[in-house]
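To start, the structure under review is shown below, and the notes come after it.
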Amino acid sequence: MFFGGTGDLAYRKLYPSLFNLYRKGNLRTHFAVVGTSRQAMDHEKFRAAVKKSLADSGNRVESKEATDFISHFYYQAHDVTDTAHYAVVKDLLDKLDKKYKLQGNRIFYLSMAPQFFGTIAQDLKTQGLMSDNKDAFNRLVIEKPFGRDYDSAKQLNDALSKSFEEDQIFRIDHYLGKEMIQNIEALRFGNTLVESLWNNRYIDNIQVTLSEKLGVEERASYYDNSGALRDMVQNHIMQIVSLLAMEQPVAFTDTDIRAEKVKALRSLRVYNVADAATNFVRGQYGSINDQPDYRHEDNVPNDSTTETFVAGKLLFDNYRWSGTPFYVRTGKMLADKFTRVDVVFKRPLVDIFAFPQSQSTPLAANVLTIFVEPHAGFSLQLNAKTNDTGFQTEPIKLDYLVDAEKSKETPEPYERLLHDVMKGDGTNFSSWPEVSYAWKFVDQIRRVWDLQEPNFPNYTPHSMGPAAAEELIQRDHREWIYRLNH
Ligand code: NAD
């Protein structure tokens, strides 16, 4: 069932994703979907809204398939803060359980504002909505954000743990549902060529960029309370980095993978005040032409110090990564919308082509790029001889791009993640230890930033952020692989 069943996320992402699972045969007859929210509405009106949501996401809805699917939807008006009223929802769930022979298996998806998560989890238990059939599952799906710092996240987690065990809680990080993020494991652990070089002896640095082209749009009031560090670094970037940094799991299971990610995050260096100030930079976008700066967007205070850009250097104090930094950056109103990882290998220790031929340009570094979006694929930059007389080298690229036909079939992150929840596979969700280590790291940066008034705005829209982000990496005699004129 979906709490917040009439919300933007449910209509735009969750129902269309469920329909895809249905079309592909992952849901058949034994299922019912209950939506709740405060709004009064009968089942038919709700089904009409679900039908519209499927149509809006490009589905043919006049088919028998769509009609059958929608017939499994039910609605119950319900205020999540009204404990006594949970009994009405329970009655509906029990009735549907019998009708569809669900044997007590229940998934509770909290697609609503996080301040309600604790109350709902508590009432689900105390009001008897969780099935008591020992062979059945009760699962709780939680949307982001999971807290706004370590203390609030812990408070929330403590509240959830009163009703649900850790293996019943699925904390969504939709980046973990993306094809190429899941491909990191295949690339690393399926290829000797890659994994044998995946360490500080051969890798000079790793760069993770999550770049957004748009400004805050209609999310301004939420975003201004959060900022790029909390909204993107604590969750998505930390998850990507832990997949890149972890050791090989014993087996390809959620427990083993999570254990390795946690170990990686435990060896992430938590900065002291001085290092936090040097290794992380922030930015806020200015205005361009008739486009307002961040401070003059709707619902943003004119003196907001919220960062719309972050870049930072992460260091792991472990045998594999000591001395190899991970540079990360993310921001709004940047040059383009894309997510990519650039793995920059060390140059050969000796460049034999530099002498005696006096090659004019030194050997380029090998770079393995993982394109996450908008296009999915890899690219490996190698050095080869130029196709002419004499002996010069030039960088060439081996590219693999998922073709357009295949891309169309790629499941949406929410489709994969809903499917994982149904299977009880927690691989692509954030576990509490991961979330807590990520917060402890991020809190330290935040603490330092909160002591100092930033000099905002400090970057031009459609650039790649403030000059400080360039200085951060150039100070280490390195360059961002993705540059504006790339
Ligand atoms: P929304 O505001 O569109 O929907 C919230 C839903 O909660 C509505 O159905 C509303 O009627 C219901 N609701 C509010 N107060 C209630 C109450 N007291 N009792 C019962 N129902 C109540 O929000 P959304 O955009 O759908 O986001 C839902 C969650 O998903 C949030 O945690 C958000 O941070 C997260 N999220 C959303 C998106 C997105 O694209 N919309 C993306 C990532 C994460």
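Even glycines carry a Cβ here, placed using N, Cα and C.
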Per TrEMBL, which one of Asp151, Asp158, Asp231 shares the substrate site with His174, Lys178, Glu212, Lys332, Lys337? Asp231
Out of Arg23, Arg28, Arg38, Arg188, which is the one TrEMBL records at the NADP(+) site of Asp79, Val80, Lys144? Arg38
Among His174, Lys178, Glu212, Asp231, Lys332, Lys337, listed as contacts of substrate, what is the widest Cα spread in Å, to the nearest whole number? 20
What is the Cβ neighbour count of Val80 (NADP(+) binding site) at a 10 Å cut-off, with all protein chains included? 22
Please check each of the recorded positions Lys178, Glu212, His236, Lys332, Lys337 and report the ones with a CB atom less than 6 Å from an atom of ligand 1, ordered along the sequence. none
Among Arg38, Val80, Lys144, these being the binding-site residues, pick the one whose CA is nearest to that of His174 (substrate binding site). Lys144
Could you tally the C-beta atoms, other than its own, that fall within 10 angstroms of the C-beta of Glu212 (substrate binding site)? 20
Round to a whole number and give the Cα-to-Cα distance in Å for the pair Lys144 (NADP(+) binding site) and His236 (active site, proton acceptor). 10
Could you pull the average pLDDT for the domain 'Glucose-6-phosphate dehydrogenase C-terminal' (186-480)? 94
